[in-house]
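Engineer: Positions annotated as compositional bias 'Basic and acidic residues' by TrEMBL: A:99-119. As annotated by TrEMBL, region 'Disordered' applies to A:98-126, A:511-534. Annotated transmembrane segment per TrEMBL: A:21-42, A:154-178, A:199-224, A:350-370, A:391-413, A:425-441, A:448-465, A:485-507, in sequence order.
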Amino acid sequence: MSAKPARETGLRQSMAWIHTWLGLLAGWILFAMFLTGTASYFRPEITRWMQPEIELQSASPERAAQTAIAHMQATHPQDEQWTIYLPDERTVGTRIFTRARENPDPKAPKPPRTPEIRLDPATGKTVAARETRGGEHFYRFHFQLQIPHPWGRWLAGLCAIFMLAAIVSGVITHKRIFADFFTLRWRKGQRSWLDAHNVSAVLALPFHAMITYTGLITLMLMYMPWPIAANYAEPSAFTAEAYGRDEESEASGRPAPLTDIAPLLRAATREWHGGAPARITVRNPNDAAATITVARDSADTLNARGQSIIYSGVTGARLSASAPPGPAIETAGVMLGLHLGHFARPFLRWAYFLLGLAGTAMVGTGLMLWTAKRGKPGALPFFGYRLVQRLNIGAIACLPAGMAAFLLANRLIPAALPGRQDMEVAAMFWVWFGLAAASLIRPVRRAWIETLTIAATLCAAVPVVNAVTTDRGLMRSIMTGDGLFVAFDIVMLASAALLGFTAWQAARRPASLPSNRRPPAPIAATAREVADAA
Amino acid sequence: MAARASTALVGGYAAASGLAALLARLLPVARVEATGWALILSFLFYAVIGLWCFHEPRLSRVAGLVWGLAAFSIAAAMLLGVRP
């Protein structure tokens with residue numbers, strides 16, 4: 001950072017300058033966060049695609065809860081706590097996590113964590129499927145960036161606040177926000193990148209602002225613990241007051257049979273005026289002090305911090321329920337819900353997906369604009385310029401290739417191979433960074449064309465490999481009306497088409513830059529130029 | 001420029017934290033609600049303070065105001081102590 005902000009200039013000039021720097025410094029990570037976050041709107045669907053051997057019939061929540069509890073009674077009756085996630089229309093199978101009772105002897109080793117149990121909700125039989133991180137991988141990467149805890153989250157948060165500041169400064173920079181909405185001049189070099197950046201930014205501006213701010217809200221307790229410290233001696237006191245206390249009741253030691261779950265679910269649904277249960281927590285099962293907490297599905301409320309009711313696990317009596325939140329806690333919960341989009345039905349979920357792609361395009365075109373403005377025809381480009389060019393290729397073309405490789409690895413690594421889920425993740429990063437590194441030996445324009453072509457090919461290969469390695473290829477999916485698998489193949493083909501089109505455009509663009517370019521300007525002057533142009 | 005950028009990044013965070021803590025402590029509503037509003041608004045404080053650091057041309061004013069605001073608000077929040 002050598003250049004100073006333009007001295008004695010207006011708000012728009014200073015904001016244009018900082019907008020450029022914010023976008024440049026955080027742009028590549030933001031591009032990856034936007035793209036993997038966009039994919040995460042289909043997190044359960046990606047997981048289902050990545051375990052093609054599972055084809056389950058749906059069952060009512062009551063039936064799923066009963067088969068789950070029967071299974072746990074048979075296998076883990078003495079555990080301290082069972083957490084049962086009921087299936088819904090997006091997730092097949094009941095997922096159960098169980099926690100063994102700790103040995104009262106403090107010197108005894110901690111009981112090993114039991115892996116997730118997956119059941120067929122109709123029969124209660126365990127479901128065997130290939131090990132995979134599924135959609136969870138993109139989702140975790142979106143805010144943890146595959147960096148050890150807590151640094152990945154801090155870096156993601158830093159990029160998010162850069163994004164927020166870039167949105168505010170971008171809006172201030174913009175003079176003709178409405179007119180630019182309708183302006184897209186193709187094939188005019190820098191002018192086209194500016195138009196594309198403006199269109200993708202302005203078209204979905206409310207979404208970008210919302211998703212950035214609510215993204216910060218998702219981890220606000222970590223990023224901003226100070227308001228809590230000002231009011232509470234213990235941070236847990238705040239979460240208890242805001243979101244309800246987690247019942248950590250102790251076992252009495254007297255055995256008592258566990259009550260039937262079905263009437264409790266019916267009572268909870270009645271109390272929520274039809275709201276569906278999503279999670280059941282059974283604490284101290286088969287003990288006289290047993291409790292059953294039923295938590296509401298956040299899919300039918302805007303507030304992602306769902307309500308819950310606690311019942312006695314022996315008599316079934318209602319013991320307590322989470323207090324209705326006040327306006328601030330409700331606002332934060334709704335902001336979280338808006339970010340996660342769990343409430344979105346298919347139409348709105350696809351809207352989220354497309355808006356997320358618009359955000360990805362906004363970041364990508366912004367990065368391209370930076371280089372388009374600074375290319376000097378004929379002159380040897382300075383180091384920063386070449387660095388940005390290469391990082392742009394690494395993010396924009398190589399990340400989609402890596403994501404496609406993750407999906408391909410899922411189909412190509414033998415389903416029974418131990419440790420295969422880590423290999424899938426490794427495949428993504430090897431292809432992503434490997435391709436970026438390999439492209440360094442090629443001239444920039446060739447590198448763009450080739451990496452984009454490879455990314456397009458990998459995306460197009462996904463439906464093909466899927467059809468070859470499973471019996472759930474596109475043709476059969478269409479015949480059987482398997483909407484998820486049909487949509488997945490279509491999205492992969494559309495991604496391949498988009499990447500291929502981009503590669504074709506990169507190949508078509510004349511090697512020399514447009515002749516009407518102004519002479520290269522120092523950054524401060526360039527900032528003014530952005531403002532003028534905008 | 002390094003001074004300006006670190007003032008925006010670190011000083012801006014400190015000032016936003018202090019302001020949010022003070023707001024949470026002093027807002028005359030239930031403490032859980034006051035904490036909630038302060039949490040929600042803190043990121044807006046940070047973004048606006050950070051951007052202003054690059055708008056104001058005089059570095060001395062930027063550093064003085066941001067670090068002063070941070071010191072004042074954090075000190076005030078600490079003097080007030082945890083809400084009883």
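Cβ coordinates are placed from backbone N, Cα and C, and glycine is handled just like the others.
Distances, neighbours, how buried they are, the whole picture for these features please.
Structural biologist: Note on the compositional bias 'Basic and acidic residues' (A:99-119): residues 64, 67-68, 71, 76, 78-83, 93, 125-127, 129, 251 of its chain, located 6 or more positions outside it, place their CB under 8 angstroms from a CB of the stretch.
If you look at the transmembrane segment (A:154-178), the same-chain residues 6 or more away from its ends with a CB under 8 A from one of its CBs are 11-12, 15-16, 18-19, 22-23, 25-26, 29-30, 33, 142-145, 147, 198, 201-202, 205, 208-209, 212-213, 215-216, 219, 222-223, 530-531, 534.
Proximity of distant same-chain residues to the transmembrane segment (A:199-224), defined by a Cβ-Cβ separation under 8 Å and at least 6 residues beyond the stretch ends, is recorded for 37, 143, 150, 153-154, 156-157, 160-161, 163-164, 167, 170-171, 174, 177, 180-181, 183-184, 235, 239, 332, 335-336, 338-340, 355-356, 358-359, 361-362, 365-366.
Distant neighbours of the transmembrane segment (A:350-370): 20, 23-24, 27-28, 30-31, 34-35, 37-38, 41-42, 190, 193-194, 196-197, 200-201, 203-204, 207-208, 211, 341, 344, 388, 392, 395-396; these residues of the same chain sit at least 6 beyond its ends, with a Cβ under 8 Å from one of its Cβ atoms.
Below 8 angstroms of C-beta separation, residues 27-28, 31-32, 35-36, 39, 49-50, 130, 132, 137-138, 364, 367-368, 371, 420, 423-425, 427-433, 435-436, 439, 444, 447-448, 451-452, 454-455, 458-459, 461-462, 465-466, 469-470, 492, 495, 499 of the same chain, each at least six residues beyond the ends of the transmembrane segment (A:391-413), sit close to that stretch.
Same-chain residues lying 6+ beyond the ends of the transmembrane segment (A:485-507) with a Cβ under 8 Å from its Cβ atoms: 45, 49, 52, 397, 400, 404, 407, 445, 448-449, 452-453, 455-457, 459-460, 462-463, 466, 472, 474, 477-478.
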Engineer: Which bits of the chain, at least 6 residues beyond where the transmembrane segment (A:425-441) starts or stops, bring a Cβ under 8 A of a Cβ in it?
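Structural biologist: Residues packing against the transmembrane segment (A:425-441) from afar: 133, 137, 146, 390, 393-394, 397-399, 401-406, 408-409, 413, 447, 450-451, 454, 458.
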Engineer: Mind checking how the region 'Disordered' (A:98-126) divides into helix, strand and coil residues in DSSP?
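Structural biologist: Grouping H, G, I as helix and E, B as strand yields 0 helix, 6 strand, 23 coil.
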